[in-house]
Amino acid sequence: REPLVRKTSSSYRTFPESIISKRLDSAYLRSLNNKRLYLAAFAAVLGNFNFGFALVYPSPVIPALEAHPNPALRLDQHTASWFGSVFPLGAAAMVLNDRLGRKLSIMFSALPSAVGYALMAGAQGVGMLLLGRVLTGYAGGITSASIPVYISEISHPGVRGMLGACPQIMAVLGSLILYALGNAALAGLVLDWRWLAVAGEVPVLTMIVLLCFMPNSPRFLLSQGKEDKALGSLCWLRGKDTAYAQEYEQIKDSVRKQSRRVTCAEIKDPFMYKPILIAVGMRFLQQLSGVTCVLVYLQSIFKKTAVILKPEYDAALVGLVRLLSVVIAAVSMDKAGRKILLFVSAGVMLVSNLTMGLYIHFMPASQNSTIANKTLPAEPTNYITLIPLLATMFFIMGYAMGWGPITWLLMSEILPLKARGVASGLCVVVSWLTAFTLTQSFLRVVEAFGLEVPFLFFTIICAGNILFTGCCVPETKGRSLEQIEAFFRTGRRSFMR
């Protein structure tokens with residue numbers, strides 16, 4: 001093998017000079033016409049918009065159904081816990097990514113999503129609501145595994161960081177739209193919880209129409225032996241008048257080296273298991289930091305902590321902060337780098353969770369209101385009750401600037417091509433099973449031990465996130481997928497230091 005380091009140097013480099021010299025020419029990257037690439041990315045990330053919309057659907061709906069006059073639809077604490085947590089069971093979608101391809105997997109997600117929304121819109125009982133949540137969660141599992149990989153494979157190094165943050169941006173935007181429409185419903189305006197489900201059909205139908213006109217990933221087409229279609233796909237994405245031949249040859253060479261499916265023996269190769277373990281570990285820690293619990297039970301948490309504003313308005317405000325933060329991350333990701341944003345993100349989340357836990361512990365007055373049943377005072381007299389709102393806003397801000405979008409991006413960047421479909425599905429399984437376990441147990445832990453216990457646990461996890469980033473995560477800013485694969489293939493262990 002060609003050595004990574006030709007001469008001794010005291011400076012740390014994740015990637016060697018021999019690989020850096022093979023980067024795509026910067027003049028070529030500047031010459032590309034990215035309009036069609038952006039269109040293809042937009043069509044795909046509509047699936048993430050739908051994912052964000054469906055994920056936080058219980059936040060405004062649970063309070064409405066807890067007070068529903070129809071006993072068949074009324075939620076108690078047990079059914080509310082299941083309604084909030086059953087969505088992550090969509091992790092079973094991992095099997096589709098390699099079998100159907102990235103694009104067709106995303107398009108397939110429209111079917112269970114549309115059926116799930118229809119069931120919730122016409123629900124006559126809790127069973128229909130839960131089944132609708134399972135189906136929309138299944139669709140979310142498909143898009144979680146497929147969209148980041150699709151965007152990573154159609155992008156070039158010049159824009160991959162920005163486009164890699166788009167799935168998270170659209171998921172946040174979907175959540176924000178849901179909060180806004182949910183507030184309108186609570187205010188007695190246009191939408192109630194049934195029409196919220198109907199509104200979820202709009203991005204699903206738009207996505208499937210647009211994707212009919214988008215190309216599949218050149219890397220996936222080459223892995224299927226469809227060279228002419230792969231060349232046509234890259235030509236469509238980069239523009240006819242650009243010199244895309246060099247990039248095509250690099251992709252083709254990378255795919256040729258990994259044309260066979262991964263075997264059990266190959267999993268033992270550090271080139272395979274190291275990036276997979278890093279990606280799985282990041283997804284596991286991402287969910288253990290508590291973000292899904294906070295998003296799903298946001299209004300309930302604000303009711304419990306008795307903040308100044310109404311809980312539904314607090315939820316919408318947090319959603320807006322989340323959107324602004326992930327946009328900042330998208331702009332800075334290719335400039336500041338992935339690792340520095342991960343460090344900052346985990347640090348902000350740690351301080352925010354610690355503040356929330358200590359506030360709840362030392363402010364017994366905030367325990368006067370229950371999650372669902374008691375009425376809060378109309379005008380709190382102490383502005384210290386803004387602390388839960390500010391802590392939650394900073395937690396979501398920290399998450400959205402790093403451990404939200406970058407976890408998805410790195411998953412699609414570092415996984416080896418021949419295992420990318422299955423490995424990304426594995427990441428989604430681990431992520432959603434962790435999210436399911438946390439959201440299912442969250443209300444029970446709060447009931448048994450108090451609201452501060454989950455937040456103090458999340459604080460410890462965020463400290464672990466900082467250590468994991470420093471010890472295990474490589475910097476991939478400005479590197480092509482082929483360079484990243486070459487880096488892991490060498491077996492160099494210095495990035496673990």
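Every residue number used here counts from 1 along the chain in the order it is shown.
Cβ coordinates come from backbone N, Cα and C, glycine included.
Here is what TrEMBL says about this protein:
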{"type": "DOMAIN", "residues": "36-477", "note": "domain 'Major facilitator superfamily (MFS) profile'"}
{"type": "TRANSMEM", "residues": "37-59", "note": "transmembrane segment"}
{"type": "TRANSMEM", "residues": "79-97", "note": "transmembrane segment"}
{"type": "TRANSMEM", "residues": "104-124", "note": "transmembrane segment"}
{"type": "TRANSMEM", "residues": "163-181", "note": "transmembrane segment"}
{"type": "TRANSMEM", "residues": "193-214", "note": "transmembrane segment"}
{"type": "TRANSMEM", "residues": "276-298", "note": "transmembrane segment"}
{"type": "TRANSMEM", "residues": "340-363", "note": "transmembrane segment"}
{"type": "TRANSMEM", "residues": "383-410", "note": "transmembrane segment"}
{"type": "TRANSMEM", "residues": "422-443", "note": "transmembrane segment"}
{"type": "TRANSMEM", "residues": "455-473", "note": "transmembrane segment"}
Chain residues in Cβ proximity to the transmembrane segment (340-363) (below 8 Å; excluding those fewer than six residues from its ends, i.e. six or more beyond): 289-290, 305, 329, 332-333, 384, 387-388, 391-392, 394-395, 397-399, 401-404, 406, 450-453, 455-456, 458-459, 462-463, 465-466, 469-470, 473
Contact call for the transmembrane segment (422-443) and the transmembrane segment (37-59): at least 3 Cβ pairs under 8 Å, seq gap 6+: no
Tertiary contacts of the transmembrane segment (383-410) (same chain, 6+ residues out, Cβ under 8 Å): 144, 148, 152, 160-161, 164-165, 167-169, 172, 278-279, 282-283, 285-286, 289, 291, 294, 298, 301-302, 305-309, 314, 317-318, 321-323, 325-326, 328-330, 333, 338, 341-349, 351-353, 355-356, 359-360, 363, 366, 465, 473, 476
Remote residues contacting the transmembrane segment (163-181) - C-beta distance under 8 A, at least 6 residues beyond either end: 37-38, 41-42, 45-46, 48-57, 59-60, 147-148, 151-152, 155, 190-191, 196, 199, 203, 295, 312, 315-316, 319-320, 322-323, 326-327, 329-330, 333, 400, 404-406, 408-409, 412-413
Chain residues in Cβ proximity to the transmembrane segment (276-298) (below 8 Å; excluding those fewer than six residues from its ends, i.e. six or more beyond): 55-56, 58-59, 62, 84-85, 87-88, 175, 267, 311, 314-315, 318, 346, 349, 353, 371, 392, 395-396, 399, 403-404, 407, 410-411, 414-416, 419, 423-424, 426-428, 430-432, 434-435, 438-439, 442-443, 454-455, 457-458, 461-462, 464-465, 468, 472-474
Chain residues in Cβ proximity to the transmembrane segment (455-473) (below 8 Å; excluding those fewer than six residues from its ends, i.e. six or more beyond): 278, 281-282, 285, 288-290, 338-339, 342-343, 345-347, 349-350, 353-354, 356-357, 360, 403, 410, 495-497
Averaged pLDDT, computed only over the residues in the domain 'Major facilitator superfamily (MFS) profile' (36-477): 80
